[in-house]
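J.: Feature list, courtesy of Swiss-Prot:
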type	residues	note
SIGNAL	1-35	signal peptide
DISULFID	44-102	disulfide bond
DOMAIN	44-139	domain 'CTCK'
DISULFID	68-117	disulfide bond
DISULFID	77-143	disulfide bond
DISULFID	81-145	disulfide bond
DISULFID	99-148	disulfide bond
């Protein structure tokens, strides 16, 4: 009777070990397959965006000289990037996080003209020098998914 109990326990332990190995192998394969960054359904892109700009200009004494404004079309980055969290025996939290963000990969500087300029009393300026204001701004030329927190050069 003791031998049959030992045989049953040994078989039970053997099955448990095999089951654990199968589960571990399945988990490892699942993690390995999902660990690859899938770019197929990412939609990060450069899109035009209409914005309203207001720029104030002051004289050398710090007094408001003029306020200029205008509606301009500039590029923006928009879309979704794939991120994931997966179990990990290496990290302290027990999870490995891979976060990706849609952001600019290259910027360019543009010169724009604001064509509606007003003096401090709100009267539209008409003389050629004061009626318009040239400004510079940077906008994205291209956008892509970057690891969150990663600096763009």
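All residue numbers here begin at 1 and follow the chain in the order shown.
Just so it is clear, glycine is given a Cβ too, placed from its N, Cα and C backbone atoms.
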J.: Looking at the disulfide-bonded residues 44, 68, 99, whose Cα is closest in space to that of residue 77 (disulfide bond)?
T.: 44
J.: Whole-number answer please: how many Å between the C-alpha atoms of residue 117 (disulfide bond) and residue 143 (disulfide bond)?
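T.: About 33 Å separates the two Cα atoms.
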J.: Give the distance between the Cα atoms of residue 68 (disulfide bond) and residue 143 (disulfide bond), rounded to the nearest whole Å.
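T.: Cα to Cα, residue 68 (disulfide bond) and residue 143 (disulfide bond) are separated by 30 Å.
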J.: To see if you understand the setup: which same-chain residues, six or more apart in sequence, place their Cβ under 8 Å from that of residue 102 (disulfide bond)?
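T.: Result: 42, 44, 77, 78, 79, 80, 81, 143, 144, 145.
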J.: Counting across all protein chains present, how many other Cβ atoms fall within 10 Å of the Cβ of residue 145 (disulfide bond)?
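T.: Step by step: centre on the Cβ of residue 145 (disulfide bond), count other Cβ atoms within 10 Å, giving 21.
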